[in-house]
Structure formats: C-alpha cells, structure tokens
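K.L.:
According to TrEMBL, the transmembrane segment annotation covers 15-37, 49-70, 82-102, 108-128, 135-153, 165-181, 193-211, 231-254, 266-283, 289-305. Residues annotated as domain 'EamA' in TrEMBL: 19-153, 164-304.
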Amino acid sequence: MATVTHDTPGVRGSALGVGLGLALVSAVSFSLSGPLAAGLLQTGWSPGAIVLVRVAIGALVVLPFGIISLRRDWAPVRRNARLVVAYGVLGVAATQFCYFAAVQHMQVGPALLIEYTAPAAVVGWFWARHGQRPGLLTLGGVGLAAAGLVLVLDLTGARLDPVGVAWALGAMVGVSAYFVINARTDTGLPPLALAAGGLTVGTVVLGLLAATGLMPVTTSPAPAVLAGAQVPWWLVLVVLGLVTAGISYVTGVAAGRRLGARPSSFVGLSEVVSAVVLAWLLLGQLPRPVQLVGGVLVLAGVVAVQQGESVTARRTAARARATMQA
C-alpha cells in the first residue's frame, strides 16, 4: 500500500501557472454543482439522488480515459488499490454523504464553513505528520481565508447542532483526504486513472447507501428553472456529471500533482466565491456587500498562502544546497 508522504515542493514559472489554472478550473467546476442542484431540488429531486447520478455520470465519462491513460499497464492500479479505494470512499462518497447529512441538522452556511476548514487541516497534517511547519505568510493567508469564508457564508443567526457538526467534520476529513491524495506524485497512477478509480468507487459506495435506505433517493421529471429558463432535468444531470464531477476531479488531481496539497487546497476555497457568483447568475440570488468583501479576503488569503509556500520552498532548497556543499 502506498503511503502519504511529504507535500510536493513549491513550483515556479509555467508549471505554477498551469497548476493554478487547473486548480481554478476544478474549483469553478465544483462550484457549479450547487446552483444546478438547487434547480433540481426545487422540482422534487432529493440531494442523494442528485449526488449519486452526478458521480455515476462522472465515472462513466472519465473511466474510458482513465483506462487509456494506463496504456495496458495495470500494475500501478494493483499497487495502489487501497489508495484508490480510500480516495473513492473519503474524497468522493464521504464528502458528499456527510455534507448532506450535516445540512439535515444545521444550516448550510455553518456546515460549509466547517467543511472548508479542510485547507487548515491539510496544513496541520503536514506539520504534525511530517514536520513541515508553515511560515508566517502561510499562516496569515490561513487567517485571511478563514475570515473571508465567515463573511461569504453569511452566518448571521446561525445555530450549531452537535450531530450536524459531527457530520460536517466528516465532510471536512473527506475534503482533506481529497487534496492530500491528489498531490501524491509517487504512485505511478496517471491523474485520469486516479480520478476514474475514485469516481467509480464513490459511485459504488453511494449506490450501496441508496440501496440500504441510508441515503434517500427521489426523482422528478419536471424541468429545472435556471436563469429564468426551463431546462430539461436530464440536461442538468449531464452537465452536473460531466463538469462538476468529471472535469472537476480530473483537473483537481492534475492541479494537486503540480502545486502540492496545501496550495491546491487553498485555491480550492475559490469554489465558495464562485458558487456565490453562479448562484447570482443562475438563481438570481444577489450577493450581499459583506459577501463580496469576504470573497476578496478569501482570494487574498489564497495569494498569501501561495506566496508563503514559494518562500518556504526556496528556503528549503537553499538549506539543501548548503548541506550538500558542506
């Protein structure tokens, strides 16, 4: 079984640009799921049904490309079978199931806030497990991003429920595992293969939860209303599966390989900002000024974390060169 090791060191130049671009594509793709799902929820679809179909379509789309990327060499899959299962169970199924279980007991805003403490958890994991202490700039970025999230999610009058908090923490663990596993560069698994395997395992797990009644599944043939227009339910599901599952997971893995778990997890926070914008465009939910200020703080925190990781990487490289010359 492969083990989670040190985070990917900082990258520069074109590799950094490509990594940031992929991370942003992943975040924006994920953020589209909320507004699209809201359109289906209003017609009678249950959250569980939407998640199951979304992940299943994503698996069907990505799986052929994942198989092709292996080039008939299945050894990496066999070597990393447990890692792929963990990715599917934690990074795909648990994240979805725990979040929707949380919002049955508490408001969406606090549940999302707890779930999106994942980047801080990733920083803490590498600090505690591998001694990779974050610099002051990185810690400052964490603080800025956290403050921004509180404003974006608009927690006015929110109440916490212990059961809901427990489920939201489960979702946070799933998101953290998603970013940490994405950043693994020592597995020999192509990004497409990891994404395909994770989505396939996630589909099986979610299907079992639905079959046992733990995750209620209801559907409706009524069209969804998005941006004031009626959209066929099947078209919404196709976009959910193709964009918010297939594209988002593939680009997320590719971004993690280039940036490392910590920077990519903080870029992932832009999903929350993008979701607010898309909810405005598709659902007419105009963001409040305080949410716009929060979005600016989140983005400032992301930039600070990226700069902090670059500084840490340069210092680490300088110490390594000094040690070799001694």
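Using N, Cα and C of the backbone, Cβ positions are placed for all residues, glycine too.
Keep in mind that TrEMBL annotations are predicted by a computer and have not been checked by a curator.
What's the neighbourhood like for these features in this structure?
P.N.:
Long-range contacts of the transmembrane segment (15-37) within the same chain, counting only residues at least 6 positions beyond its ends with a Cβ under 8 Å from a Cβ of the stretch, are 45, 47, 50, 54, 224, 226, 236, 239-240, 243-244, 247-249, 251-252, 254-259, 263-264, 267-275, 278-279, 281-283, 306.
Summarised as a single figure, the pLDDT of the domain 'EamA' (19-153) averages 88.
Within its own chain, the transmembrane segment (135-153) is flanked in space by residues 109-110, 112-113, 116-117, 119-120, 123, 262, 266, 269, 272-273, 276, 290-291, 293-309, 311-312, which lie at least six positions past its ends and keep a Cβ under 8 Å from the stretch.
Counting residue by residue with DSSP, the domain 'EamA' (164-304) contains 104 helix, 6 strand, 31 coil.
Listed as Cβ neighbours of the transmembrane segment (165-181) (distance under 8 Å, sequence separation of 6 or more from its ends, same chain) are residues 4, 83, 86-87, 90-95, 98-99, 101-102, 104-106, 110-111, 114-119, 121-122, 125, 194, 252, 256, 261, 264-265, 268.
Outside the transmembrane segment (231-254) by six or more residues, the chain places 19, 22-23, 25-26, 29-30, 32-33, 36-37, 39-40, 43, 45, 50, 53-62, 92, 178, 182, 191-192, 194-195, 198-199, 219-225, 264, 268 with a CB less than 8 A from a CB of the stretch.
With a threshold of 8 Å between CB atoms, the same-chain residues lying at least 6 positions outside the transmembrane segment (289-305) that come near it are 119, 137-138, 140-154, 262-263, 266-267, 269-270, 272-273, 276.
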K.L.:
Within the domain 'EamA' (19-153), how many residues are helix, strand or coil going by DSSP?
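P.N.:
Across the domain 'EamA' (19-153), the residues distribute as 112 helix, 0 strand, 23 coil.
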K.L.:
What residues elsewhere in the chain lie close to the transmembrane segment (82-102), defined as a C-beta under 8 angstroms and at least 6 residues from its ends?
P.N.:
1-2, 47-48, 51, 55, 111-112, 114-115, 164-165, 167-168, 170-171, 173-175, 177-178, 181-182, 184, 187, 189, 194, 197-202, 204-206, 209, 215, 249
